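**Q** Below, the features straight out of TrEMBL:
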DOMAIN    17-151  domain 'EamA'
DOMAIN    162-302  domain 'EamA'
TRANSMEM  46-67  transmembrane segment
TRANSMEM  79-100  transmembrane segment
TRANSMEM  106-126  transmembrane segment
TRANSMEM  133-151  transmembrane segment
TRANSMEM  163-180  transmembrane segment
TRANSMEM  192-212  transmembrane segment
TRANSMEM  232-254  transmembrane segment
TRANSMEM  261-280  transmembrane segment
TRANSMEM  286-306  transmembrane segment
């Protein structure tokens, strides 16, 4: 049996799954400071997106080939799952956010993207035909409200509907990120991640080739926490720690906790992002963000109570 076929749901305890989900949120939160460092070194967002997805695809393909002993385990009936994951979870989620940020403030774009957890709850409701517990809905509302307080979108430039459209597209891509691993008879996590990342990388390359996402690269070092670090080292961390690892770990967590709980727990990403921006980039923390953080934690706790009772 390949290690990618282990029955994760049987061996991963709920507490371990919760810890892994928080680790995933932390790893995804690293993306902001790492991208900011590369941009300051002269990289464009298109170049970063292409290098990130391409590098992650290469790493995952090598790992998948080794795990499957040189015989890819993708089957014909898995192709739709792989394409959906690559298009939605990899390409649209990333490119949509990049294009949204061209006309929207980051707070507005991120707030829209994190509404994905509400769509996931609705999707689970329709899929299982079982209404979520009142505590789950209440926890969701509190957590989303806390997220909006952390990103603070209610200031700055007027809203641009083109940017809103791209942000919504990115949000739907995030929904696929949570929904695809929860579907029955999907390929293994490593297979889905590897070939899905390949599909996503090809689509990102298409956007770059069309000039929608201009690609610019640089050998200049970036700065993190006041220290100069080579762009290659930053890129390696971005690919391995903030792309490959969280994608695979999220699939493991979803197998144990479900898409709804996982999507709510991963809202803590905005908390970690704020702390990392403060520690690594020197950006100040605000009282509103602190209150929002408490709302996120409280909402997740309430939602978990609903899941336990259900």
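Cβ atoms are placed via backbone N, Cα and C, with glycine included.
Unlike curated records, TrEMBL annotations are generated automatically.
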**Q** So if I exclude everything within five residues of the ends of the transmembrane segment (192-212), which remaining residues of that chain have a CB under 8 angstroms from its CBs? That is, six or more out.
**A** 46-47, 49-50, 53-54, 56-57, 60-61, 63-64, 74, 78, 81-83, 85-87, 89-91, 94-95, 99, 180-181, 186, 243-244, 247-248, 251
**Q** Under an 8 Å Cβ to Cβ limit, what residues of the same chain, 6 or more beyond the ends of the transmembrane segment (286-306), are close to it?
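**A** Counting only partners 6 or more residues beyond its ends, the transmembrane segment (286-306) has Cβ contacts under 8 Å with 132-150, 152, 260-261, 264-265, 267-268, 270-271, 274.
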**Q** For the domain 'EamA' (17-151), jot down how many residues DSSP puts in helix, in strand and in coil.
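**A** Across the domain 'EamA' (17-151), DSSP assigns the residues as follows: 110 helix, 0 strand, 25 coil.
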